[in-house]
Amino acid sequence: MASFAASQTCFLTTNPTCLKPNSPQKSSTFLPFSAPLSSSSSFPGCGLVHVASNKKNRASFVVTNAVRELEGYVTKAQSFRFAIVVARFNEFVTRRLMEGALDTFKKYSVNEDIDVVWVPGAYELGVTAQALGKSGKYHAIVCLGAVVKGDTSHYDAVVNSASSGVLSAGLNSGVPCVFGVLTCDNMDQAINRAGGKAGNKGAESALTAIEMASLFEHHLKA
């Protein structure tokens, strides 16, 4: 009988023992190649051993109570209060972002509980959002701005500082702070993302704020 190669694979059901061709064990049963295989392990001198598992014993977290899915909703936002921090730099663009955010809030019945705070530029978004968050008046804060790339490295410094500032504001205040700052190569890209053919980043940020406010209020509230 031809000898097995050193890397010959053994298929077992119960006893993970390498079966030799010249001394077969009648008590062991080979699994057909079509049998379901759910796990594998290695044994010395036996190569890769596949062990079949009973489907009935497989834990399914999808159909048990072991896993809960938590998420925010945008259907009921009447009770939430929001703040919008808007950078005045590139106001032609940022005002459109603000209008998109306000329109979205109105669509979801957030009509009066909105404060709009203007700051000089994207640098000032983070510290302002943090102060608003710590005031305890708001369920979420939207930060809007537009940074257009120029010929110097100033663009990278502003973008990095603005993004990290808004992130820190949310972490330090415990209130969701949404980053709605456009970072574009040119003004045309910014305009297209402020109500043009690429949508409105302000509207998207407002929707994110509603969902996050709902998530924190209904699931993550201390």
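Even glycines carry a Cβ here, placed using N, Cα and C.
Annotation source Swiss-Prot lists active site, proton donor at H154. Its own atom aside, the Cβ of H154 (active site, proton donor) has 11 Cβ atoms within 10 angstroms in the protein chains shown. DSSP assigns H154 (active site, proton donor) to a helical segment in the three-state reduction.
Cβ-based neighbour count (10 Å, all protein chains) for E124 (5-amino-6-(D-ribitylamino)uracil binding site) stands at 20. Summarising the annotation, Swiss-Prot assigns 5-amino-6-(D-ribitylamino)uracil binding site to F89, A122, Y123, E124, A146, V147, V148, F179.
Swiss-Prot lists D151, T152, R193 with the feature (2S)-2-hydroxy-3-oxobutyl phosphate binding site, giving similarity to another entry as the kind of evidence. Neighbour density for D151 ((2S)-2-hydroxy-3-oxobutyl phosphate binding site): within 10 A of its CB lie 6 other CB atoms from the protein chains shown.
The annotation transit peptide is assigned in Swiss-Prot to 1-66.
Under 8 Å, Cβ to Cβ, and six or more positions away along its own chain, A146 (5-amino-6-(D-ribitylamino)uracil binding site) finds A87, F89, N90, V93, T94, L97, A122, V181, L182, C184, A190, A194. Residue pair F179 (5-amino-6-(D-ribitylamino)uracil binding site) / R193 ((2S)-2-hydroxy-3-oxobutyl phosphate binding site) shows a Cα separation of 14 Å.
Within 10 Å of the Cβ of T152 ((2S)-2-hydroxy-3-oxobutyl phosphate binding site) there are 8 other Cβ atoms, across all protein chains.
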